[in-house]
Every structure is written in structure tokens, then in C-alpha cells.
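Visitor: According to TrEMBL:
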type     : residues : note
DOMAIN   : 41-298   : domain 'G-protein coupled receptors family 1 profile'
TRANSMEM : 28-50    : transmembrane segment
TRANSMEM : 62-88    : transmembrane segment
TRANSMEM : 108-129  : transmembrane segment
TRANSMEM : 150-177  : transmembrane segment
TRANSMEM : 197-226  : transmembrane segment
TRANSMEM : 247-270  : transmembrane segment
TRANSMEM : 282-301  : transmembrane segment
Amino acid sequence: MVPPSNSTPLCFSINSPPFKYNHTIASAYFSAVFSGLGLSSNLFALVVLAKTFHHTKSRSRSSFLLFLGGLVFTDFMGLLVTGSIVVSFHITHFNWRQLDPHCHFCNFMGMSMVFYGLCPLLLGAAMAMERFIGINRPFSRSTTMSNSRACSMVAMVWVTAGCISLLPLVGLGNYHLQLPGSWCFLNISSKPLDMTFSLIFSLVGLLSLAVSFLLNTVSVITLLRVCCGQDSSQRRRDYEVEMMVQLILIMAIASICWCPLLVFIAQTVLSGSKLEVLKLLLWLRFATWNQILDPWVYILFRRAVLKRISPKMDWSRGSIMSIYPTLSTSFRRLTRTSLGGTIDRLEHLRPNPDKARREDTPLPVQNIPVSSCSIEQTRTCI
């Protein structure tokens, strides 16, 4: 590595190319296969999502599919943008300083890493909020959440992540070339501006995961109580259970993949310790798996796929409850203990189920005997 000089651009002030690169094709093959697998998975998931959205008639499910489509599309573009740069470097071994003397290209990749890193986490929190409202406030949600509103929320998430990624360009932090020279990322150091931007990136991601966990936990407990409770026969909840299972898996994958990197960045800048490059590369590789695993959650964990895998089993809620007759009572006790009076207060806000069921029941048609009265005598007969 060439030591930096006084004329070295800011993005190359820490790691200045050219690097002593080990000429092996293993890195090129690994990056190409990794990116190709992620791109093909997300593209296939987009096709499946488009077909499902075209045939769905449920407003809640269509809104959820729009959020999920935004997540898959974001993962696809993130792999396409960042993966193409990394694979190109491993194949051509280009010199960053010759290719990008003013750091424009490095800043673009750094912005892409931050933007496409925060978007899945923010979208996961938005999806958790949408499902929380849909399950706990179904009457208010039916009048406020529409497909256009879902698209607006996805666009708002993109704008928020974009604004955060632009902060180094206005002086808050910097993007630097990172070892082994194939990518650019935020400068993880204890300098005030760099530390502030690093903490913003880490805390926004961790806060998104925390919000997702909290809202999903309440939604699952409420959904289990509704599905397994005495009022479970009011309407089918199969699609809501399917959406919650997918959302929980997305949250779990994001937490496993991103928490090590986010905690590592925050811990490094707060402790003032030297950046451990090997750990950074390891946790970054963990985070990249999120973009590959997200589409497979929707591809595999659908009732249509599960029915094909095990066609003899009925995957509806009724069959599961019939297999485990004591599960309903256990879930009811568990949710009652967990939420306490919260669910009871929610029930008071909803219409009386028995009253609604009686109002929805059509009145019986009675056979009225035909009277021999004429039309002129109708008033007298009545």
C-alpha cells in the first residue's frame, strides 16, 4: 500500500491504493457466485410477488405484498449496485486513485452501502407497524391503509435512508476506501464527526430492529388469542397468520445478519479502539446474507408451497386446532397472562362480537298465508 501524501484525496487518506493484491481467482468466483445467487433469488421472488399481487383481493394482503415487494426490489438493487463494483474490482484489479481521483465513485459506493443497508431494516419496521395496526386496529386500518398509502410509506423509507446516506457529503462523517480495496464505507473512527455518523447509522438500524421486535411480539400474541379464542369463528385468519410468519422470519434474519455489524461499529467508535479489519469484513459478510435470504422467506413460506410439499396435510388453522385440542386453551391462558388488561381494553373498542353476529344473521322468512282480501280491502285486512 502506498503511503498517503499531502495531495491524497480524503477517501484515500487511510487506505491508499495500489494495494499488494494476491492474484487469485477465488475472490472473483466467490463474489460473482454470491452476487449471482442473490440477484436470481430476488428476481424470482419479484416475479412470484407480482403474480400473487395480481390475483389477491384482500386489501390487507395487497398492502403487505407491496411492502414485501419494496423490500425485495431494494435487496435486488443493492446487490446489483454494490456487487457489480466488487466483482469488477476482483476481476480487473483497477486502481481507485486513477479511476476516481476526486472520490466521486467511492462516495457513491459508500452511499449505496449505507442506503441499501438501512432500507431493509426500516422497511421491516414499517411492515411490522402495518401488521400491528392491521391486527390490533382493524377498523381504523381498513379506512386509512390503501395501496397508494403503502407505496407512499415505502417511498418515505427510501427517502429517509437516502437522507442519512447523504450526511457525509454535507460534512458529517466521511466515506473511505476499505481493505482489501474492493469497497468503500463510512469511516469508523472516534473522531467527533465520524463517530456521530457511525452512531447514527448503527442506532437507526438497531432501533428499527427493536421496533420490529416489539410490534411483532404484540401482534403475534394478539393474533394467537384471536385465532385460538372463543371468537375464532368470526372470520378466517389464515392469510394473516401466513403474513405474520413471513414477517417474523424476515425480522429474525435481519437481526442475525445485521446486529453483529451494527453493534461492532457502535462499540468500536465509543471505545476508541483500533478498527479490526478482519472482524469488519466478517460481520459485513454476515450482513450481506440478509439480501439473499429475504426473498426465500416469501418463496418458501407460503401456504401454496407448503401444500405442495405436504399435500395430505391441511394447513388451515382449523386442522391445526383439531390436531392439538388443548392448544387453544393454552394459548388463551398464555396471551391473557402476557398482555394482562391490554387485550381487554382493545376488545372494548371493538363492536360486540355476539351483537355483530346477530346483526349479520339474516331474518327468517316466514310463510304468510295468502288472504282472500282484495286490493281495496287490504287496509281492512291488515
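The backbone N, Cα and C atoms fix where each Cβ goes, and this holds for glycine too.
Here the structure is a predicted model, which means the values were calculated and not measured.
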Visitor: State the mean pLDDT for the domain 'G-protein coupled receptors family 1 profile' (41-298).
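Guide: The answer is 87, the mean pLDDT of the model over that range.
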Visitor: By a Cβ-Cβ criterion of under 8 Å, what residues six or more beyond either terminus of the transmembrane segment (28-50) are in contact with it?
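Guide: Distant Cβ neighbours of the transmembrane segment (28-50) are 65, 68-69, 72-73, 75-76, 79-80, 83-84, 86-87, 90-91, 182, 288, 291-292, 294-296, 298-299.
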